[in-house]
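Per Swiss-Prot, the features are:
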type	residues	note
DOMAIN	97-132	domain 'EF-hand 1'
BINDING	ASP110, ASN112, ASN114, ASP121	Ca(2+) 1 binding site
DOMAIN	147-174	domain 'EF-hand 2'
BINDING	ASP152, ASP154, ASP156, MET158, GLU163	Ca(2+) 2 binding site
Amino acid sequence: MGQCLRYQMHWEDLEEYQALTFLTRNEILCIHDSFLKLCPPGKYYKEATLTVDQVSSLPALRVNPFRDRICRVFSHNNVFSFEDVLGMASVFSEQACPSLKIEYAFRIYDFNENGFIDEEDLQRIILRLLNSDDMSEDLLTDLTSHVLNESDLDNDNMLSFSEFEHAMAKSPDFMNSFRIHFWGC
């Protein structure tokens, strides 16, 4: 691991990042400091990028069963700019609004990226959440059917964004569970 050039963040940049995210000034500065430690040597932080492997190995993501999907959704061409990292941290912050969290949760859970959370996606979500590869096919089918019975309002065996949004809005635990504290900030 290298180190970026240790430029102080300009006050104007800090204010802009604070206006564009749900992060506090201190959180942005903490993320900036951590980013500097991980990025390639000799690069200015605005020009530097981190690899998906670097980001997915962060303690906050290393144990997350959806780390590969999170990285796919927030990275660009499998690399993270400083602003990509800020965007990811902002969405997973406590202050992020429910609609933003729901939008990104949908994108993360849409494994096949077809614009719906279908049976295949639901099965992958269930297996990851339960950390189980040896679940019986019958139980997996029952759990998937139960989720669809509760949330699939038009009975097409998949969840549109609006159906997913409706289900998450009724879930009291969603806002608390869709949080990640990055960088130890």
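Heads up, the Cβ atoms here are built off N, Cα and C, so glycines get one too.
Since the structure is predicted, the reported quantities are computational estimates derived from the model, not experimental observations.
Locations of recorded Swiss-Prot features on the structure.
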residue: ASP110; record: Ca(2+) 1 binding site; DSSP class: coil
residue: ASP121; record: Ca(2+) 1 binding site; DSSP class: helix
residue: ASP152; record: Ca(2+) 2 binding site; DSSP class: coil
residue: MET158; record: Ca(2+) 2 binding site; DSSP class: strand
residue: GLU163; record: Ca(2+) 2 binding site; DSSP class: helix
Notebook entry, point to check: Any residues 6+ beyond the ends of the domain 'EF-hand 1' (97-132) with a Cβ under 8 Å from its own?
Noted result: 22, 65-66, 69-70, 73, 91, 140, 143-144, 147-148, 157-161, 164-165, 168-169, 174-175, 178
Check: Just the number: how many Å between the Cα atoms of MET158 (Ca(2+) 2 binding site) and ASN112 (Ca(2+) 1 binding site)?
Finding: 12
Next item on the list: Whole-number Å only: compute the distance from the Cα of GLU163 (Ca(2+) 2 binding site) to the Cα of ASN114 (Ca(2+) 1 binding site).
Entry: 15
Notebook entry, point to check: Which entry in the list of binding-site residues, ASP121, ASP152, ASP156, has its Cβ near the fewest other Cβ atoms, using 10 Å as the limit?
Noted result: ASP156
Notebook entry, point to check: If you take the centroid of the Cβ atoms of ASP110, ASN112, ASN114, ASP121, the listed Ca(2+) 1 site, which other residues of that chain have their Cβ within 8 Å of it?
Noted result: TYR109, PHE111, GLU113, GLY115, PHE116, ILE117, ASP118, GLU120
Checklist line | Cβ within 8 Å of the mean position of the Cβ atoms of ASP152, ASP154, ASP156, MET158, GLU163: remaining residues of the chain near Ca(2+) 2 | finding: PHE116, LEU148, SER151, LEU153, ASN155, ASN157, LEU159, SER160
Check: Taking the Cα atoms as reference points, how far is ASN112 (Ca(2+) 1 binding site) from ASP154 (Ca(2+) 2 binding site) in Å?
Finding: 21
